[in-house]
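Since the structure comes first, as structure tokens, the remarks are kept for the end.
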Amino acid sequence: MILILDFGSQYTQLIARRIRSFGVYTEIVPCYEDFSRCATLNPAGIVLSGGPDSVFASDAPGCDERIFSMNVPILGICYGYQYVVHRRGGVVRKGNKGEYGRTRISLKGDADIFHGVHGESNVWMSHSDEIAELPPGFRTVAGSPHSPHAASVSEDMQFIGLQFHPEVAHSECGNAVLLNFIERICRTPRTWSVEAYKDRKIRELREQIGSHKVICALSGGVDSSVTAALIREAAPEQIYCFYINNGLMRKGESEYVADIMRGRFGSHFFSINAEARFLKNLTGVSDPERKRKIIGETFIRVFEEEAGKISGAHYLAQGTLYPDVIESSPFKGPSATIKSHHNVGGLPEKMSLQLLEPLRELFKDETRELGLTLGLPPELIYRHPFPGPGLAIRIPGEITAEKLAILRDADTILLEEIRRAGLYNEIWQAFAVLLPVKSVGVMGDFRTYEYALSIRCVTSSDGMTADWFHFPHELLSGISNRIINEVKGINRVLYDITSKPPGTVEWENLDDILRKDAGCSSELDYIEQTSWILFLKYLDDYEDDRRTSADMNGEPYAPILKEEFAWKTWAAPKKEDGETIDRNKTISGDGLTQFVNERLFPYLSSFKNTAANADTLEYKIGEIFSELKNKLQSGYSLRDVIDKIDALRFRTNEEKHEMSSLYEDKIRNMGNAGRNGGEYYTPRPLIKTIVRVINPQIGHKVYDGAAGSCGFLCEAYEYMRTGRTLSGADYEQLQRRTFYGKEKKSLAYIIGIMNMILHGIETPNIRHTNTLSEKLQSITDNDRMDIVLANPPFGGSEHADIQKNFTIATGETAYLFLQHFIRILKRGGRCGIVIKNTFLSNTDNASISLRKELLENCNLFAVLEMPSGAFTGTGVKTVVLFFEKGKPTQKVWYYQFSPARNLGKTNSLTESDLTEFIALSATQADSDNSWTVDLKDIDKTVWDLTPNNPHRKDEADTRTPREILAEIETLDAQATAALTKIKELLI
């Protein structure tokens, strides 16, 4: 067998499946797996997978060094290769240009790993770090334009390193390379097959089951059907299968499953019609998550009652597959759980049963192959996925018998037409959704008022991502016509063309739960409730990491939270395996909301008074829970939000970035409400551009005194850590002593902290305070910053108590922030600030005085004029000021967007819009859109900085205000004369 150590690659399972396809058994274990277990497996070879991390990261994953003394060949792929080179004295560095996608390698010399591969070959790369120098005793056997050591081998052939991914289909030589590793290097016999697995597993099951009885809940899906069929081969007289008809299945589904299974299991198969019971329990329920809960609980009750009639049952069979096992032990430590739908509501414990999982070593495709060898019909094996709650989640709103009948008929037509067209096997999942919307239609001479139906058909390889299926228009039209003509109750058919992401395959997600709860009424509520639950989940993972680190160093660890308030106690208590949620210990319903509102929030709020100082994580916990409150009124909704968030991981940068993207989308979608969570969400392309021009470096202190959602600080972090070779000290600097900010609004403060955490900054230095309440004179040298990046509020009027803190009195909020930023910058420090364009030309005393101070004390080296519409939700025109403190301005370089670029909600700012500005700003060159103004040409009486592009000479740009007024007076006089003439004619 071949052992695979998982370092977090998205392709790890693909490596295992590819090797298994050659007839060699593989197992995947996390890279931190105990050495004794690895040795017990007695592998013929080991594969070190790729991974998303850099070997320079302070938390870079590794493995037990004794792995390398097992005297078996080791194949390192991507990160696995770099890890070995780094540990063995070679040189890994940040590449000037990463390699992503298809790349051509050239072979250099002979090597068994490339036996049968000649000259050059296209391969798939995915890395930013590169190997600059091999360790002693290694030689290069392949190179690419950006990876001189794309493949290497050790002199004793005990290690082979590949920078590319042989397991990916795009690597032309991938199969040959893996086969060479198996046969020529590891000399492993190719004896593994699904058929051989079946024979071995039947023997093992026969021995394990003995004379005991086994009960199995059949859904009619692939996993449970194959599980039951396999156990039947081992113990035909001892397995008892139960199929529960919940009334939520497709048309004819229950009859189809019952016919197949009764033919296999005879009197040991029981079909229970519980349709009336399920529908009664669902009466009046429209909340999607509560529907799921009721269906699950009803199923458990029915199954307990029926299976309990089998006396002496000892085992409960479940269709757990190998990916479920792998995903329960991620490479940086256990954090996820085996998918909850596999564990039937805690039944093993409730019924005193032991679990029997005969498929836990197989992938999905292998399970299907096994099913065919067991004689199950192909139409059952290759059927589309179907959700556990059935049609209940495809009928938003209340479930009724009438709606179910309508949906079944429409769904049947859809599948009939797809099969007739020969497209069923090309589609991953096809179904219909009966929308809770009725519309007016006309059928014959009559008007109708009936339901709308949405068709959803997607293609996918694994269900993690999906694209909508591109139907021939004639077929789609035919499906629509049949449904409308044949199904009474539907007069409109829609086709859902949303991909995943951003959508989901089914029609329910986290926001649906929040939206249905009576306590949540806006996007602000959704993100607020997501924030506090997400924060507590993060805190749980944070404590796990710190506890593990302390244990490894032999140090005691004092947890932040008392045990009764820890996530694992009240939110997601685990079973003895430490992985699976123990449903018997979870709180739900009114008890959950009572605990959260009356005990949890008061406890966490008290941290504000007990924390050592305002910079600690404990103080931030106190601030967050002093300002927020739980708005979810339904304990069922709260429980399901918690369950969904518990499945999230905070272990890798990749996982954090994925969540930060989702979080950013939430902030952006708040629209005008963004004023409560970061003044008019600053477009990400503009933030990136400002950061790039200001160019923060390691060792700088970066500051935003109007932090909002902390978009500037997050993007600065990404900029400073990407494409650079960073030491552990560098990462420590970035994490703890680089980013600083202030925000006065409670929700914005919380959103900002979460945004930074999700980007990977574990302890953000963000203070919950009003920046403008601090006097300029109170800022000392210790407070000064190297970099300021900000978009202070566009509007607002500050009262006199605030104005007196500043040397230039004004009620304009942004002008006070500008004074603060100039003051807090170090000499030589740089600033990029977004401000309304009227600042450049206003003639009030405060505007003139502030422009004078800026030009005399700072070098205003660039002004970027943005068009209106750049900020979603407002037509305000803005400019970006780029300046350096410490020397006066000599000249100002301007860049003006083309007037033809019309930005708005449906035509938002993109990075390509700013490409020319970035390129020209380096040299401050002139162009049709850019020009330079010398300070001597600026009117010193008003210090006017109005952008006047000399390259655009249209009349409106060149006339002075006096000329325009003179023309108005002339036109007015002409109009008066004309009116007089008309009156004379009328008289």
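Backbone N, Cα and C atoms are what each Cβ position is placed from, and that goes for glycine too.
Per TrEMBL, the features are:
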{"type": "DOMAIN", "residues": "192-383", "note": "domain 'GMPS ATP-PPase'"}
{"type": "BINDING", "residues": "Ser219, Gly220, Gly221, Val222, Asp223, Ser224, Ser225", "note": "ATP binding site"}
When the binding-site residues Gly220, Gly221 are compared by other Cβ atoms within 10 Å, fewest goes to Gly221
Specify all same-chain residues, apart from the site residues Ser219, Gly220, Gly221, Val222, Asp223, Ser224, Ser225, whose Cβ lies within 8 angstroms of the center of the Cβ atoms of the ATP site, ordered by sequence. Leu218, Val226, Thr227, Gly319
Nonlocal neighbours by CB distance (under 8 Å) for Ser224 (ATP binding site), same chain, sequence gap 6 or more: Cys216, Ala217, Leu218, Gln318, Gly319
Cβ neighbour count within 10 Å, max among the binding-site residues Ser219, Ser225, goes to Ser225
Using a Cβ-Cβ cut-off under 8 angstroms and a sequence gap of six or more, which residues of the chain neighbour Val222 (ATP binding site)? Gly319, Lys364, Thr367, Arg368, Gly371, Leu380, Ile381, Arg383
Let me check the 10 A CB neighbour count of Asp223 (ATP binding site). How many other CB atoms are there? 21
